[in-house]
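For reference, the structure discussed in these notes is given below.
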Amino acid sequence: MNSPASGQHGRARIAVESRSIDCIPDSERHARLADQGPFWFLGNFHFFTLSIGFVGPSLGLSAPWSALAGALGIMFGTLFMALHGAQGPQLGLPQMIQSRAQFGFRGVTLALCATLLVFTGFNVVNVSLIMQGMQAVFGLPPAPTACVAVAAGALLAVCGHDAMHKAFRHALMLALPLYALATLALLAGVGEPALHVRSEPLPGFAWSAFAAQFTIAASYNISYAPYVSDYSRYLPSHTAPRRLIAAIFLGASLSGAWMIGLGAWMAQRLQAGDALAALGRIGTGLFPGADRLLPALAVVAFLPIIALNTYSAALTVLTAADSLGGLRPTRAARIFAIAAISVGILACVLSIQGSGVALLHSFLALLLYFLVPWTAVNLVDYFLVRKGRYAIADFFTPQGIYGAWGWRGICAYLGGFAAMVPFMHIHDATDGHAVFIGWAAQRLGGVDFAWLPGILVAGSLYWGLARNLDLQAEEAARCQPRQDSHPLHPKERTP
């Protein structure tokens, strides 16, 4: 059996996953449903999510309103994320390979560009926040800090699926007591300045700020949609979809709501602008050395998240390479993709200037615009059009039933994106000036609801265009796999 973690030969050695974008056969589906909830709980249980809670107070929204807007946004975004998770065990494929059914073998590169922006962009912001926090707390120079963080994430991503699940379990055991202690300490008033020290009035309520906090929280978990199948594709094919969706939803939404709420209270009560510095400030009031221990543990527990982004980015790059020119899914190809992505991330991090929170705000707002049409098209296709039944062998050839260019998916994506433009409110968070405000957003007082028409238009447009799909021909292709299948298909996979 070709296991995902290649084994031991004599002395113990680091196991490295052998699979990449190929289909996982049933004989290798060794993952457990019980691991999905904790995995996605940690996916949001870190200081990056704390920083999302800073957005509302920075716009004049009080901590309770910020926590409510963040919780509602997280739950809304997690719904889409969790629905994507059901595709992993059903198909045994990375998420973006399955998108060839909607966009075509080569047309999927449109969606790949958006998702690659997600994976690499998140790591640029992640490492920027680490650099900023480590410099504030420990006085560490930014460049070496960035190199260590990126290298650690790359190494874990090279080891692959099993190693990452194991690292997430250990990181959760480290992060849970850390953030529980920080929450209790903040509730007890630890680290809070005296009232006469406050230089600004307490924030209140504004619809535009509430909508901004909701939108950024929603986009944060919608952005996980392209990830989920990458980490659920090793589950057995008979895994109950409802149980899997529930596990992902509860894990990702509970931790996200907790962290955003905690971040909002940190911003208001500690007047914090940096999550790691805020943890250090809380630690100052706990016991000697805690001001350094808490931020250090938070960074260590966060490193698997950098690996998460790097791993999925590598699968996206390999999918694009296969779509445009053909690819053998070797271990060396995956490692090379991880190395190239890591170098690119490091170059971006070292060249970007500005506040990590400002980068976060701007990045997540833009992120939603590119992902919403894709997630609407993908979910409508999976749950309403094809109902989870695909000719998997045809994912791997431009001559298959899905073709080279899926005009229905491409038109629906572009139509959904176009519908969002009047509702967009893009601004540069580093200096606060507006870059673009659509006419509808202007009439709504600057509130950005672009995600709503994006979902409705892209989803309904694809639903309408897909009405004349020949699903009977696709069912015949599904029941009779192609004899000339692509090398990524398990029938042709070589050890």
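Think of each number as a place in line: the chain as shown, counted from 1.
Any Cβ shown, glycine's included, is placed from N, Cα and C.
What you are looking at is a predicted structure, and each value in this text was computed from that prediction instead of being measured.
According to TrEMBL, the protein has these features:
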TRANSMEM  39-59  transmembrane segment
TRANSMEM  65-83  transmembrane segment
TRANSMEM  103-125  transmembrane segment
TRANSMEM  137-159  transmembrane segment
TRANSMEM  171-190  transmembrane segment
TRANSMEM  202-223  transmembrane segment
TRANSMEM  244-267  transmembrane segment
TRANSMEM  296-320  transmembrane segment
TRANSMEM  332-352  transmembrane segment
TRANSMEM  358-384  transmembrane segment
TRANSMEM  405-426  transmembrane segment
TRANSMEM  446-465  transmembrane segment
Looking at the transmembrane segment (296-320) and the transmembrane segment (171-190), are there 3+ C-beta pairs under 8 A, with each pair at least 6 apart in sequence?
yes
Under an 8 Å Cβ to Cβ limit, what residues of the same chain, 6 or more beyond the ends of the transmembrane segment (171-190), are close to it?
38, 41-42, 45-46, 258-259, 262, 265-266, 269-270, 279, 282, 285-286, 294, 297-298, 300-304
What same-chain residues lie close to the transmembrane segment (65-83): Cβ under 8 Å, and 6 or more beyond its ends?
44, 52-53, 55-57, 205, 209-211, 213-225, 228, 245-246, 248-249, 252-253, 256-257, 260-261, 264-265, 267-268, 375, 379, 382-383
Take the C-beta pairs under 8 A between the transmembrane segment (244-267) and each of 39-59, 103-125, 202-223. Which stretch has the highest count?
39-59
Are there residues at least six beyond either end of the transmembrane segment (39-59) with Cβ under 8 Å to its Cβ atoms? List them, or say none.
65-67, 69-70, 74, 125-126, 129, 133, 165, 168-169, 171-172, 175-176, 179, 203, 206, 208-210, 212-213, 216-217, 220-221, 224, 228, 231, 247-248, 251-252, 254-256, 258-268, 272-276, 278-279, 298-299, 301-302, 304-305, 308, 356-357, 360-361, 364
Could you give the residue numbers and ranges of same-chain residues that sit at least 6 residues beyond the transmembrane segment (446-465) on either side and whose C-beta is under 8 angstroms from one of its C-beta atoms?
102, 207-208, 211-212, 215, 218-219, 222, 365, 368-369, 372-377, 379-381, 384-385, 408-409, 411-413, 415-421, 423-425, 437-438, 440
